[in-house]
Each structure stands twice: as C-alpha cells, then as structure tokens.
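Chemist: Starting off with a structure, shown below.
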Amino acid sequence: MSNVALTQPGWLMQARRGSAWLSRQMALTGGLIMLALATMSVVSITGRALFHMAIPGDYELVEAGLGISVFLFLPECHRQKGHVIVDVFTNHLSPCKRGFLDMIGDVLFLVASAVMAWRLFEGGVDAHNYMEQSMILELPLWIVYAVGVFSSVVVAISAIENILSFVTGARDE
C-alpha cells in the first residue's frame, strides 16, 4: 500500500456524512434526555424532602430514560472511536497493521450490533405483544427496545462504512 491517501468513493462519503449527522443528533438527544432526567430527579428529591411529595414514577422515568440515552450515545461513540481499547501491544505496529486491527474490530462491532438489533427486536415484539409496561406510570416498555434496535442498526451501518473505507484503501480527508 502506498503512502498516497486515496479519497473515498462519493457514495461512501455521502453515507458517512449522513450517518455522522444522524449519530450527532442521536447523541445530542441522549444528552438532552439525561439533562431532563437530572432536573426531574432534583425536583423530585427536593419535593420529597421539603413537601413529602415526589414525582410519581420518577424511578421508572430514570430507568427508561437512561437506557434510551445510553443507546443513543452508542453510534457517536463508535464513530468517534470512543470505545475503550488496550493499545499497549499495538503501539509499535505500522499504521497499516493498526488499520487492519481496527477493521477486525469493526467486523466484530458489526456482528455484535447485528445480534443486538435482532435480539432487541425480538424482545421488543414480545414486550409489545404482551403489553409489558412500567408499574406506576404504565409506560410501554417496547419503546426502549425500539430505540435500542434503531441505535444498534446505526452502529452496524457505521461499522460497515469503516470496513468499506479500509477495503477500498480510502480514508477520511
């Protein structure tokens, strides 16, 4: 492989731009949900301490909201290569070999994301069919599963884009 950086095919660049935008929007939404949950928790705890009145179902909202937020952060984390890696053994490798190992990691993420999407889809269908809901607020639980499925699919798409970038010998400019 030469030292000349190849540019990505136009369709791959467009796909990467689109998924980058979507990943950022998902992460921002996850952050806003977490801010709302933190605010709600402060209000609920203050109300409980001062007025002996809490927000009904606050634990349910925090549970579901944090689950949704974590799922919403996953695509941007993967896109930014923000996952924890141990690079002690790979620091001495050439960029080409590290790129190959990154591609192997992306293949593993693709498989893991596909399995997660499949199992979350199955779980969400069951939750919907059996009308599973939270105890106090009676929120349908399938919604959390749906966000997980969508997020897992976006991570899988990001992994595919990374794999294609490696295979075509192109990288971001």
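For all residues, glycine too, the Cβ spot is worked out from N, Cα and C.
Taken from TrEMBL, the feature domain 'Tripartite ATP-independent periplasmic transporters DctQ component' applies to 40-167. What TrEMBL lists as transmembrane segment is 26-51, 100-121, 141-164.
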Chemist: Who are the long-range neighbours of the transmembrane segment (141-164) in its own chain, taking Cβ under 8 Å and residues 6 or more past its ends?
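Modeler: Counting only partners 6 or more residues beyond its ends, the transmembrane segment (141-164) has Cβ contacts under 8 Å with 12, 15-16, 19, 22-23, 26, 64, 67-68, 71-72, 74-75, 78-79, 102-103, 106-107, 109-110, 113-114, 116-117, 120-121, 123-125, 127-128, 132-134.
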Chemist: Restricting to the same chain and to residues at least six past its boundaries, which positions have a Cβ under 8 Å from a Cβ of the transmembrane segment (26-51)?
Modeler: 58, 61-62, 65-66, 68-73, 75-77, 151, 154
Chemist: Averaging the per-residue pLDDT over the domain 'Tripartite ATP-independent periplasmic transporters DctQ component' (40-167), what integer do you get?
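Modeler: Within the domain 'Tripartite ATP-independent periplasmic transporters DctQ component' (40-167), the model's average pLDDT equals 95.
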Chemist: Take the domain 'Tripartite ATP-independent periplasmic transporters DctQ component' (40-167) and count its residues per DSSP category (helix H/G/I, strand E/B, coil), listing them in that order.
Modeler: 95 helix, 2 strand, 31 coil
